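J.: As listed in TrEMBL for this protein:
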BINDING   Gly11, Met12, Gly13, Lys14, Ser15, Thr16  ATP binding site
Amino acid sequence: MRMIALTGSIGMGKSTVAAMFARAGVPVFDADATVRRLQSDGGPLVARIEERFPGTTRDGAVDRDALAAAVLGKPDELAALEALVHPAVHHERTRFIVSHGDAPALLFDIPLLFETHGEHAFDTIIVVSAPHDIQRARVMARTGMSAEKFEALLARQMPDSEKRARADFVIDTSGDLSTTEAQVRDIMACLGITPES
Ligand SMILES: CC(C)(COP(=O)(O)OP(=O)(O)OC[C@H]1O[C@@H](n2cnc3c(N)ncnc32)[C@H](O)[C@@H]1O)[C@@H](O)C(=O)NCCC(=O)NCCS
Ligand SMILES: Nc1ncnc2c1ncn2[C@@H]1O[C@H](COP(=O)(O)OP(=O)(O)OP(=O)(O)O)[C@@H](O)[C@H]1O
């Protein structure tokens, strides 16, 4: 089974590219979505987050705006949150691998792949990238985003140029979606993965 990691900095297009692989039949593990699920109503991280960051949960779920306010811009607090979250994500990832034991390839969308030194578990690393101005414009267009939040998340992330230098493949997402999709198809062909559609 080929283990493919997809990474890239905030707003570079990971989710969009992961969806293209999923449409082509490659099962996708989404680390951010897994975090959201583990932090949602009834999720296993809620009580532990409330204990460490009092007042950041409401009605049995993590209030992500409150949690973001408690950790962003405070490196020690963010590290404490990550120490709770990352082992739980890793556990879910193992379950995902077991449940797709017969797939020829799996794709893992992992924003902090390099930052958490997780790259060694993968055969192939794809980095999504775009010029900084495009990245910034995409992120700032999101609701609930502020310049401070963008900078605080970016500060925790390895510079894009370093990520690109470590990639087996770089997908440039500065063009239109069909140009991005063509790059996805080229990489699949290069890896010998037959698309389902
Ligand atoms: C800090 C939190 C509360 C902010 O939540 P919010 O809904 O406002 O933002 P969202 O999760 O959509 O993140 C926006 C972008 O920041 C990136 N990001 C998330 N956590 C981190 C982090 N610890 N360091 C750097 N970037 C991060 C995401 O990958 C995404 O690109 C939330 O991201 C969180 O719980 N993070 C800790 C878990 C973590 O480390 N996740 C990274 C992937 S496993
Ligand atoms: N050619 C392109 N390829 C990919 N995304 C594009 C392209 N053109 C525009 N976009 C837009 O850029 C945005 C990229 O957001 P996306 O959620 O995929 O990034 P991300 O890296 O997953 O973000 P985050 O790190 O915050 O999770 C989307 O709104 C997408 O529609």
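Note that Cβ sites are derived from N, Cα and C of the backbone, with glycine treated the same way.
Curation does not apply to TrEMBL; its annotations are automatic.
Remember, predicted model here, so these are calculated numbers, not experimental data.
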J.: Validating a neighbour-count step here. Other CB atoms within 10 A of the CB of Met12 (ATP binding site): how many?
T.: 26
J.: Other than Gly11, Met12, Gly13, Lys14, Ser15, Thr16, which residues of the chain come within 8 Å of the ATP site, judged by Cβ distance to the Cβ centroid of those residues?
T.: Gly8, Val17, Val128, Arg138, Thr173
J.: 10 Å Cβ neighbour count around Lys14 (ATP binding site)?
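T.: The answer is 24 other Cβ atoms.
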J.: Same-chain residues six or more away whose CB lies under 8 A from the CB of Gly11 (ATP binding site)?
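T.: Set apart from Gly11 (ATP binding site) by at least 6 residues yet with Cβ under 8 Å, we have Gln135, Arg136, Arg138, Val139.
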J.: Provide the number of Cβ atoms within 10 Å of the Cβ of Gly13 (ATP binding site), excluding the reference atom itself.
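T.: Other Cβ atoms within 10 Å of Gly13 (ATP binding site): 23.
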